[in-house]
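As given in TrEMBL:
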| type | residues | note |
| --- | --- | --- |
| BINDING | B:18-25, B:43-45, B:60-63, B:E71, B:D92 | GTP binding site |
| ACT_SITE | B:H59 | active site, GMP-histidine intermediate |
Amino acid sequence: MISAARQETLMAVILITGGARSGKSTRAEARARSFPGQPVYIATAEALDTEMEARIATHRARRGTDWIEREVPLDLVPALVATDDGGARLVDCLTLWLSNLMHAQRDWEGGVKALAGALPRLKSPVVLVTNEVGLGIVPDNALARSFRDAAGIMNQTIAAAADEVEFVVAGLPMKLK
Amino acid sequence: MISAARQETLMAVILITGGARSGKSTRAEARARSFPGQPVYIATAEALDTEMEARIATHRARRGTDWIEREVPLDLVPALVATDDGGARLVDCLTLWLSNLMHAQRDWEGGVKALAGALPRLKSPVVLVTNEVGLGIVPDNALARSFRDAAGIMNQTIAAAADEVEFVVAGLPMKLK
Amino acid sequence: MISAARQETLMAVILITGGARSGKSTRAEARARSFPGQPVYIATAEALDTEMEARIATHRARRGTDWIEREVPLDLVPALVATDDGGARLVDCLTLWLSNLMHAQRDWEGGVKALAGALPRLKSPVVLVTNEVGLGIVPDNALARSFRDAAGIMNQTIAAAADEVEFVVAGLPMKLK
């Protein structure tokens, strides 16, 4: 028999949002580690340039070596299903995943809906990191405007499917849901 | 005799702020619909280009057809006074109104003060949508900097005059006042 | 004998963060004035151009003339130590201080760590103003990206060292810590 508390733990979907360098990843790592089992780090970043390589190395140094690591730039739902038998998965981050879908000419709206639909059916916990990008001045170019629109729609859609949502400012989480 | 609770409902001025595509309008529509009477949609947008036309069409499709609709790019206070005899008014949005005032060479500071002064004297509820635009990097050009300063001053001024203020992130409201 | 409440008051380190024109400075002035003694205004801004001159004049007009004023673009820790014998110090703002350190080719990371280390050892209260700059779209140029990364790291570091942290939106504070 699984207790109600244990059941709740197994089903947790947690979305952590915030600005650049707000402490989102550190917070998400702490949340993922709080679950039993070996945590799985699902990186949506690919080391395509030196700036990105440095950022990935910083994250890895902080996280430690006890994580299972996966690089998943595009096919997030299959990766979550394939790792759905152990510790919590940390997906870092959805904003870059969205950008990858767009660059690969994939149907990002379909992808976001499929993720939102898959999350409640997973057995092991998932902690998802995303970015708030819509609180600055309206960008000059149409591409940046449509990206921030897409990111806002994605964040709303995933937040609606999540059990918990936190907004991190200066390393400090505010509970939104 | 009108009960205290009913009286409070009739006099509500609610400001909904947040980033682009944060779910502000959806939240504001729900708040406006919660009041008795036919709701009035006061659009500050004019359909001047195809990007704006598409955005207006999306909002209208979501809202449904049971709203009274007004296009009011500039003269917000007269429009609020003229519709002050029924359901709630939803003003979407103040940031665009501010931009319209500036483009029309109007006195925006006087306009904002006049709106803040008029709001507490209205009988029917008003739900106002605005944008946070000051949480990104300092813009390169002076015009963008002065717009974001003006938007910040407007938001502070209207928030001070409002009965309730909510900050929406990822579709989830945080109560500020 | 100093009561526990008085002791707490004397040791307060308060960080006020928010966007441009969000009402951070007004809030910080109110917090600084709430402590006994003559408040000290530590400006990190230098009046190098007319836009900055106008901004400084606006702040001064609002604040009133009963403040001790210091212009401290770089050496914040010595200035805090030198004024640590009376009323609260208001530092406005850390984001500009960070920018000054970078322009002067100083070690900004060392400077931020030194400030975080010094704050808990001060006897008189300190209210620090900072900006959230990481909630817009990713900036085009690498310099702006590294500045917003540095600002985010600074805000996390100082928030961790502060007794209280507030996030101000539309003039209304949210308590983060």
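Heads up, the Cβ atoms here are built off N, Cα and C, so glycines get one too.
In TrEMBL, annotation is done automatically, which means it is predicted and not curated.
Features recorded in TrEMBL, as mapped to the structure shown.
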residue : record                                  : Cβ neighbours (10 Å)
B:G18   : GTP binding site                        : 29
B:R21   : GTP binding site                        : 20
B:K24   : GTP binding site                        : 26
B:T44   : GTP binding site                        : 23
B:H59   : active site, GMP-histidine intermediate : 16
B:A61   : GTP binding site                        : 9
B:E71   : GTP binding site                        : 13
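Following the DSSP three-state reduction, the secondary structure of B:A61 (GTP binding site) is helix.
In this structure, the C-alpha atom of B:K24 (GTP binding site) lies 11 angstrom from that of B:H59 (active site, GMP-histidine intermediate).
Checking the recorded positions B:K24, B:T44, B:H59, B:A61, B:E71 against chain A with a Cβ-Cβ cut-off under 8 Å leaves nothing.
For B:E71 (GTP binding site) paired with B:H59 (active site, GMP-histidine intermediate), the C-alpha to C-alpha distance reads 14 Å.
For the recorded site, B:K24 (GTP binding site), the DSSP three-state label reads helix.
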